[in-house]
Amino acid sequence: MDIYAVAVGRVGVELDAAQLERVRATHLRVQGWGMEKYPMYGVNTGFGELINVIIPPQFKSDLQHNLLRSHAAGGGEPFPDEVVRAIMTVRINCLMKGYSGISPEALQLLATMLNRGIHPVIPMQGSLGASGDLAPLSHMALPLIGDGHVRKNGVTRPTMEVFQEEGLTPLKLGFKEGLALVNGTSAMTGAASLALYRARHLLRLSLLASADIVQAMNASTRPFSHTGNAVKNHPGQVVIARLMRDLTEGTGLMRDHQDIMRAISERTSHSNDVEETEIYLQNAYSLRCMPQVLGVVLETLQMCQRFIEEEANSVNDNPVILDTPAETYHGANFHGQYVAMACDYLSIAVAEMGVLAERQLNRLLDPHINKPLPGFLAHAKTGLFCGFEGGQYLATSIASENLDLAAPSSIKSIPSNGQNQDIVSMGLIAARKTLALCENVGTILSVLMAALNQASHFTEAAKYSAPIRSIHEKLGKVAPRYEDERPMSTVIAQVRGVLLQEQGLALAQSLVNLDLTPDLSLEPRA
């Protein structure tokens, strides 16, 4: 099962019947242990620092419902529906492993809500990332007991109003069920999975922009040769160099290294004196270092995918229910450090794509270094007309903002919960920052690709490689040659709408064959 397909594509989920029987067996085992008063965290104890308080069986439902209500303490704006759907999907997958004590009925109700588009209202703020994402998952779980609010068809309403319309009945939770729903990493992992998907698309766009600008600026083909890149030993660098060759194949705008050497020889007198030519044997870094810069971005995405996918398919509950009370694992599988650090790495990679794009934009616009293109790509009479001067301010501003967002969250632990939670991951903060960075870098790349589309009007457009011509054709339909006749923000928004919506995703995937597994996926069973 693909998280993105469920979260964004609104594909439904179906619970495996055989696995539900395993879930039921574990649930019944926990209910029996609770009645027999075996000491077990969250079954017959208080929560967190209150673990030393023993709770008699007659309060089993009160204990679980109180947990959900008291820990539904999130703040800030609610997550958009697609993030909520990702969170629900990942939590269902964790609980379907059969190690948590949840009832099949609770899982079926959660899946029904997901399939009918009934989305719990989950505020963005409030998670420390250990014990898991308590606040957001409590908000996710409230509707199961008829509490809280849900959003359906974009309208937020009390849960019971929607349940009554849909013929759904809230549950009375048994031993450990509330804890099973909230004590895990599913909020950060759901958000991180969407950030990873978006980062992969941004890498494709970054490659397309890079293949475009080296043609617009008549750059050298030599930096992308296989031989030179292969001796560096990094697989990602070799892949990016290959993709740059693929995306520029057939171009009539780039320069062969031998031709550059020949031109230099023709310009010099071969005397023993120092001579200055106007020919550069090598291009600036933003036209030359894509294999090195984007290669490590590619490998970082691959590493982060492994961390996030493993977490999405993990049992991240506590305690982990095994065959007997004595074997049951009281530990810390709820801790989100893997996801937190994956998101921090991912944030740096996404921010670096923004840095590269902003520098490429500057090289395309700066009248001192962008010859033979007009300054700021003004269509005529530069100075009277400003061209993309204003667009550069937006890109540079966002690139600077990104430097703050890329600072790590996973090392910013603050003790809480009576010193019980004395080292936490801040994983959801890291995931939220990564999502914000993806939005920001999407805007920077939109400015760059709008400018590259404008640059094609000042070059021999027919000489671009076929993949880049297809991009120009697509963008030209919504953003024709810019002549200062409309607000620059309109141009950027139109280009962004093409690049970052489904048609842009499909086009980029068809043009850029990244060496990544197709989708972040969930295993169907334990």
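Cβ atoms here come from the backbone N, Cα and C positions, even for glycine.
The candidate list Asn183, Asn370, Asn402, Asn420 contains one residue that Swiss-Prot assigns to the substrate site with His71, Arg288, namely Asn183. Comparing His71 (substrate binding site) with Ser131 (2,3-didehydroalanine (Ser)), their Cα atoms are 11 Å apart once rounded. There are 28 other CB atoms within 10 A of the CB of Ser131 (2,3-didehydroalanine (Ser)), with all protein chains counted. Across the fold, the C-alpha of Arg288 (substrate binding site) and the C-alpha of Ser131 (2,3-didehydroalanine (Ser)) stand 46 Å from each other.
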